[in-house]
Amino acid sequence: MKKIGVLALQGAVAEHMRSIAAAGGEPVAVKQTEQLDELDGLIIPGGESTTIGKLMRKYGFMEAIREFAAQGKPLFGTCAGLIVLAKRIEGQEEAHLGLMDMTVARNAFGRQRESFETDLPVKGIEDPVRAVFIRAPLIKEVSPEVDVLSVYKDEIVTARQGHLLVSSYHPELTDDYRLHAYFLKMAEEAAENR
Ligand SMILES: NC(=O)CC[C@H](N)C(=O)O
């Protein structure tokens, strides 16, 4: 069984742990960098990207997660986690981890549409996925290395670059575990190639 960490500094941690368990993985709440060694993949949850970024710096996670990614271990960022993984954030000088070659805009759906749910077709998953958007970011631009997995109203909301997966919505707030199952498969494949 693959061990999947959920970065437990702030945000929707318990929900991701439940979804990983339901998809057949072993979830681990990650509070210290030493825990990364035993993992096959790591989820960076939704929450507030500035807060998560600040806590990551404080507890030494920036370097540790970059090292984790350099070993080819997969990362999955949802909502704020997507912002944390991006190389470029609109209107902000500094990125956080800066790993995935894309530009993101925070809180991009505007006031009336701050929160909503929809059924979203995702490349590689058979039927549409139930997606919950909460003050969600959008992916404004991606490099050719990034594979766009879904688009909502002409905007990119799910994408993958090799071992990096991101969604601007919260797949962990529904009983639909297929995106977590997709990530588990990425972790299995990465472990075979290590
Ligand atoms: N639900 C979320 O994770 C919201 C993300 C938040 N708006 C941010 O900019 O970090």
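A Cβ is built for glycine as well, from the same backbone N, Cα and C atoms used for every other residue.
Nobody curates TrEMBL annotations by hand; they come from automatic prediction.
According to TrEMBL, the protein has these features:
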- Cys79: active site, nucleophile (ACT_SITE)
- His170: active site, charge relay system (ACT_SITE)
- Glu172: active site, charge relay system (ACT_SITE)
- Gly47, Glu48, Ser49, Arg106, Ile134, Arg135: L-glutamine binding site (BINDING)
Near-site residues: L-glutamine, ref Gly47, Glu48, Ser49, Arg106, Ile134, Arg135, CB cutoff 8 A to centroid: Gly46, Cys79, Ala80, Ile83, Asn107, Pro137
All-chain count of other Cβ atoms within 10 Å of Ser49 (L-glutamine binding site): 26
Nearest of the active-site residues (Cys79, His170, Glu172) to Arg135 (L-glutamine binding site), judged by Cα-Cα distance: Cys79
The one of Glu48, Glu172 whose CB sees the fewest other CB atoms within 10 Å, among these recorded positions: Glu48
Cβ-based isolation winner (fewest other Cβ atoms within 10 Å) among the recorded positions Arg106, Arg135, His170: Arg135
For Ile134 (L-glutamine binding site): intrachain residues, at least 6 apart, with Cβ closer than 8 Å: Gly46, Cys79, Glu114, Ser115, Tyr169, His170
Fewest other Cβ within 10 angstroms of its own Cβ, chosen from the recorded positions Gly47, Cys79: Gly47
Reduced DSSP assignment, Arg135 (L-glutamine binding site): coil
Rounded inter-Cα distance in Å - Glu48 (L-glutamine binding site), Glu172 (active site, charge relay system): 16
By Cα-Cα distance, the member of binding-site residues Gly47, Ser49, Arg106 nearest Glu172 (active site, charge relay system): Gly47
Glu172 (active site, charge relay system): secondary structure state under DSSP, collapsed to three categories: helix
